[in-house]
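The feature site 'Interaction with histone H4 N-terminus' is assigned by Swiss-Prot to Trp173. As annotated by Swiss-Prot, acetyl-CoA binding site applies to Phe219, Ile220, Ile221, Gln226, Ser227, Lys228, Ser229, His230, Gly231, Ser232. If you look up Swiss-Prot, you'll see Glu254 marked as active site, proton donor/acceptor. Among the features that Swiss-Prot reports, region 'Disordered' is placed at 372-391.
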Amino acid sequence: MAEELKPELWTTSSNSALKLSLVNDENAVQFSPIFTYPIFGQAEQLFGYQDLNILLAFDSVTFKPFLNIKYTKKLERGLDDVEGSILKFLPEGDVILKDEVEWVDAFNGEREKFALPNSESKVAEYTSGGESFAIFKVHLSDPNIRQLHRRMQIFTLLFIEAASYIDEDDSAWDIFMTFNTSTRQCIGYTTTYKHWRYINGQEFDSSEKTTKRAKISQFIIFPPYQSKSHGSHLYSAAIDVWSKEEKISEVTVEDPNEAFDDLRDRCDFMRLSGSGLSSSIPEDVPIPRTWLTEQARKYKLSLVQFTRLVEMILLYDNSPNFEIQVKARLYQKNHEVLTGMDSDTRKAKLQEAFTSLKEDYARILQKVPNRRRVLPSDEENAGESKRHKKE
């Protein structure tokens, strides 16, 4: 009885207790979630058990789910419903509980009928590590895709901050999925949404056609396949598709985290550099806003994102205009604050902001293929290790 009166003995971190697995023909790759608050609450704690171990496993091909919850002791009342909490976020009636043999038989049976999306939906292919991969643009109207997505969407809650399930009945959603073409394993996917874009009244009145904005919502590469360039290929495939769609006027990203910001910056930088943009950047400093706006529309990027990329290109090319361009933009952006300072303080603050941004650009560019040195050697480590807020 005394033991039951000590809450700390019955409280477990849900992040530590939950173990995820993707099972292939050879082994099971186990990893932990980053977040569990969407399932177990903001505190990410579970009460009422000792030595709690939650195994949530998926077949790496069909994503057929398996759940097994173990513990050495539990309270008779007042304990959290661990199983019920998890099952709310998985397809109803689809989860195999505790019986591993039944689960293996079930997903092996499903594998016999499992097929990749049809070839007409393939939008890109590539090789990595001696294996072949393909990216497909698919829709939830396909019952096979809908079932697969229902099973894997719980990963977005566990690895993406503030993620939520999408409305699978909304036809505006498209999904880009990457598959290993030999094993049929899904490597990762991104959910995307297209909606009507209103720019301003003048352009709306003068335009004969409506345009849409494409938005990347959720983007995930499953943990066993990360750090192998699959994310870059997936992002680039979606951008390539939208760049050819006349009705898409801009591509945006919904609440990106820092890692995705970096991936997007590198991919966009490579795309713009490969297009020959560098040779067309005006020598005027600061760069005219009219040119930036026109080119941002051409590449279907927001003005803020495009301006950042142009500045990265100037740094990459060691352009003497880089520092002047960045400082001019930072001064204009922070004009009201800076004008209230004396001259020496203003110069120091502007230099501090410039140095911080330059280091951040350099850190990103250091991971670009075939990169050149863009910072002196004594600054390179600082750029590699620090993450600065974007300006």
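Glycine residues also receive a Cβ, built from the backbone N, Cα and C atoms like all the rest.
Using a 10 Å Cβ-Cβ cutoff, Ile221 (acetyl-CoA binding site) registers 23 neighbours. Neighbour counts of Cβ atoms within 10 Å were compared across the recorded positions Trp173, Phe219; the minimum falls on Trp173.
Long-range C-beta contacts of Ser227 (acetyl-CoA binding site), restricted to its own chain and to partners at least six residues apart, with a cutoff below 8 Å, are absent. When Cβ atoms from all protein chains are considered, those within 10 Å of the residue listed as 'active site, proton donor/acceptor' total 14, not counting its own. If you take the Cα of Ile221 (acetyl-CoA binding site) and the Cα of Trp173 (site 'Interaction with histone H4 N-terminus'), they are about 19 angstrom apart, rounded to a whole number. Put simply, Phe219 is the one of the recorded positions Trp173, Phe219, Ser229, Gly231 whose Cα lies nearest to the Cα of the residue listed as 'active site, proton donor/acceptor'. Other than the site residues Phe219, Ile220, Ile221, Gln226, Ser227, Lys228, Ser229, His230, Gly231, Ser232, same-chain residues with C-beta atoms no more than 8 angstroms from the centre of those residues' C-beta atoms, the acetyl-CoA site, are Ile187, Gly188, Tyr225, His233, Leu234, Leu263. Just so you know, the Cβ of Ser229 (acetyl-CoA binding site) picks up 15 other Cβ atoms within 10 Å once every protein chain is counted. Counting only same-chain residues at least 6 apart in sequence, those with a Cβ under 8 Å from the Cβ of Gly231 (acetyl-CoA binding site) are Gly188, Phe219, Ile221, Leu263. Reduced to three states, the DSSP call for Trp173 (site 'Interaction with histone H4 N-terminus') is strand.
Site extent for acetyl-CoA: among the recorded binding residues Phe219, Ile220, Ile221, Gln226, Ser227, Lys228, Ser229, His230, Gly231, Ser232, the largest C-alpha separation is 15 Å.
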